[in-house]
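A.B. asks: Next up is a structure, given as structure tokens.
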Amino acid sequence: MTQTPDREKALELAVAQIEKSYGKGSVMRLGDEARQPISVIPTGSIALDVALGIGGLPRGRVIEIYGPESSGKTTVALHAVANAQAAGGVAAFIDAEHALDPDYAKKLGVDTDSLLVSQPDTGEQALEIADMLIRSGALDIVVIDSVAALVPRAELEGEMGDSHVGLQARLMSQALRKMTGALNNSGTTAIFINQLRDKIGVMFGSPETTTGGKALKFYASVRMDVRRVETLKDGTNAVGNRTRVKVVKNKCLAEGTRIFDPVTGTTHRIEDVVDGRKPIHVVAAAKDGTLHARPVVSWFDQGTRDVIGLRIAGGAIVWATPDHKVLTEYGWRAAGELRKGDRVAQPRRFDGFGDSAPIPADHARLLGYLIGDGRDGWVGGKTPINFINVQRALIDDVTRIAATLGCAAHPQGRISLAIAHRPGERNGVADLCQQAGIYGKLAWEKTIPNWFFEPDIAADIVGNLLFGLFESDGWVSREQTGALRVGYTTTSEQLAHQIHWLLLRFGVGSTVRDYDPTQKRPSIVNGRRIQSKRQVFEVRISGMDNVTAFAESVPMWGPRGAALIQAIPEATQGRRRGSQATYLAAEMTDAVLNYLDERGVTAQEAAAMIGVASGDPRGGMKQVLGASRLRRDRVQALADALDDKFLHDMLAEELRYSVIREVLPTRRARTFDLEVEELHTLVAEGVVVHNCSPPFKQAEFDILYGKGISREGSLIDMGVDQGLIRKSGAWFTYEGEQLGQGKENARNFLVENADVADEIEKKIKEKLGIGAVVTDDPSNDGVLPAPVDF
């Protein structure tokens, strides 16, 4: 809506008043000026510059470098100082450890004559000096070495053994609050070198932690974990170290986020996992869209932060920091960028089956009955196990199975069955319940034993368990559209999520939501009213593709199964809306259509191969395979007819894409990080997200004794990785010119031929798109630099 002249004038007056009070540029329209690339300070290693993503350390930001002793932390910081000075900048070094070696710094390229050095007496003095230098606006980079040496004045003036709990953490928090604004305004980069300490009593995971509290983790735009990997040798002489730097950033999930462990079948809340440092497994997504179980290897409590909520179709809500990456049908996007109507990735299928049978199928079915409608005896076995159900077919089935386990079933009225062992025989039903962990448990405490989540369990074992559950507390209903729904209702939250994940093994999609027992379902085909004073959870299967898959996967001879089978033919007549699992990701549409065009497959040919399920070929190939998105069943039929590997690879993706119904307002919450081994993703609240610590980018380079980071060695490593330098045996070759035999000789060649080294560096940066040059008029080519996420 266009603003009226009076409102525009009022806004101009307000902006003028703000600029008068706080300076020009305090308020601006984002479209008034072109966005400039982030200015950076090179680190001296092209590999590390690439890992940072923008060609170096960002100016105007806080950087934390931490790691074990003698790992190369100070060397990395001094190289940044040398590069800042080489560009004409001014550098300062706050030597709180009183351990700076001027000769070593000079060998790394630092201009020690112009370097500002301070060796403060207390932590307050060090941070105050740094703050004053930053606020001068004349400084390009300042290094504080180290956080552990920033000892508060009160501790220095006290006696040995005095306790000063949290004093240094409060000092760091206050200093960073003051400094961050000044750093941004002056464009100064502040590097804090930090040390590692070990937490006492840690049983699982790494006990390592950094000093100075948690404030630095939050204020740091970039955190770098420096580790020495191996010793470099020239013959038998050690000449340096191979160093690995992991670039760490903080993106987090909020407390309350539920994470499923596919190994134990247990759903955990993320705060319980982190606080207890539980060595759980999670479901993680690979780049090809397949799902795998992977262990959690690190746990991080990231404090209280702003989080936003994404309400997904089906009821799931994910709360995450706005910069946390979520997998969408167009790739990874920050949670804060997502809007209502966008689609996010959820599991479509997971794990599959083998041929293992930990218990017979009849026993699995009995467990399903007893989890749903059983009231198990108390420990001691004197109280019989009761099965309460009105269906005669189920009562007869329980009676028959109990007889094979040394038990007799005695009717207790019309709907109850008491199961007790026969004289002289062992109570096999009680043994089965105890083995499964449900003996003596109340309804809301019951769960499915972890054997059912073994990767090689047979499908009929799981199918019979689900049969027993479905026939006890399940239901079938009809929507207003005529489509069917199937579900299961329970007071056990763990049980509801376990059923959801077992259904995914059959490729049956479902949702878990809170259920209000006072609500009336649209039209019950077969089921019963739920009455409970406790919280109730519902597993709901929607979409005729999922309902049909459920009917094909689980035995259907019971009363509810028979009702479902009878209702399916009518429900599948005409056009019925399927679930989101029916469709491929929108990102795949062009790839599939272009491939078929290149292969020479016409719309008419594709329609003939697909058959009656095909779309109208007069609308082209896209209409044949779907409409706005391609239908999985049609692409599957075409892939089978063509026996085409490319199409089968596309269909191997185990994800579906569900729409975001609502973006919830920001709130404050505790947030947590996990590090997931290898794949660096996980399924949280049923949505695929980056593991809270996103895939760490790593860089490896050589630090030579007395020389520092080997720029030339890093260029050789990156050149080989990017295909610019060819390695054949021990020889390194660049554009037909031999650099030398062995890395040391190739390194010496680049030292002596700086123009070749510069050319290789330029080509690496151009290929990877880093190291943008700031121009006077960035709009000359009509393209603005991409924003950089820190």
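Here, residue 1 is simply the first one shown, and the rest follow in order.
Backbone N, Cα and C define each Cβ position, glycine as well.
Relevant sequence annotations retrieved from Swiss-Prot are reproduced here:
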type	residues	note
BINDING	G67, P68, E69, S70, S71, G72, K73, T74	ATP binding site
DOMAIN	366-508	domain 'DOD-type homing endonuclease'
A.B. asks: Within the domain 'DOD-type homing endonuclease' (366-508), count helix residues (DSSP H, G, I), strand residues (E, B) and coil residues, in that order.
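C.D. replies: Tallying H, G and I as helix, E and B as strand, the rest coil: 64 helix, 32 strand, 47 coil.
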A.B. asks: Determine which residues of this chain, when G67, P68, E69, S70, S71, G72, K73, T74 are set aside, have a Cβ within 8 Å of the centroid of the ATP site's Cβ atoms, and list them as they appear in the sequence.
C.D. replies: V226, R228
A.B. asks: Name, in the order they occur in the sequence, the residues of the same chain whose CB lies under 8 A from the CB of G67 (ATP binding site) and which sit 6 or more residues away.
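C.D. replies: The list for G67 (ATP binding site) reads K73, L196, D225, V226, R227, given in order along the sequence.
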A.B. asks: Given the model, what does the mean pLDDT over the domain 'DOD-type homing endonuclease' (366-508) come out as?
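C.D. replies: A mean pLDDT of 90 is what the predicted model shows over the domain 'DOD-type homing endonuclease' (366-508).
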A.B. asks: Check the binding-site residues P68, G72 for other C-beta atoms within 10 angstroms of each C-beta and report the one with the most.
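C.D. replies: When each Cβ's neighbours within 10 Å are tallied, G72 tops the list.
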A.B. asks: When neighbour density is defined as the number of other C-beta atoms within 10 angstroms of a residue's C-beta, which of the binding-site residues S70, S71, T74 has the lowest density?
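C.D. replies: Looking at the binding-site residues S70, S71, T74, the Cβ with the fewest others within 10 Å is that of S70.
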A.B. asks: If one looks at the chain holding E69 (ATP binding site), which residues at least 6 apart in sequence have a CB under 8 angstroms from its CB?
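C.D. replies: Looking at Cβ-Cβ distances below 8 Å from E69 (ATP binding site), excluding near sequence neighbours, one finds Q195.
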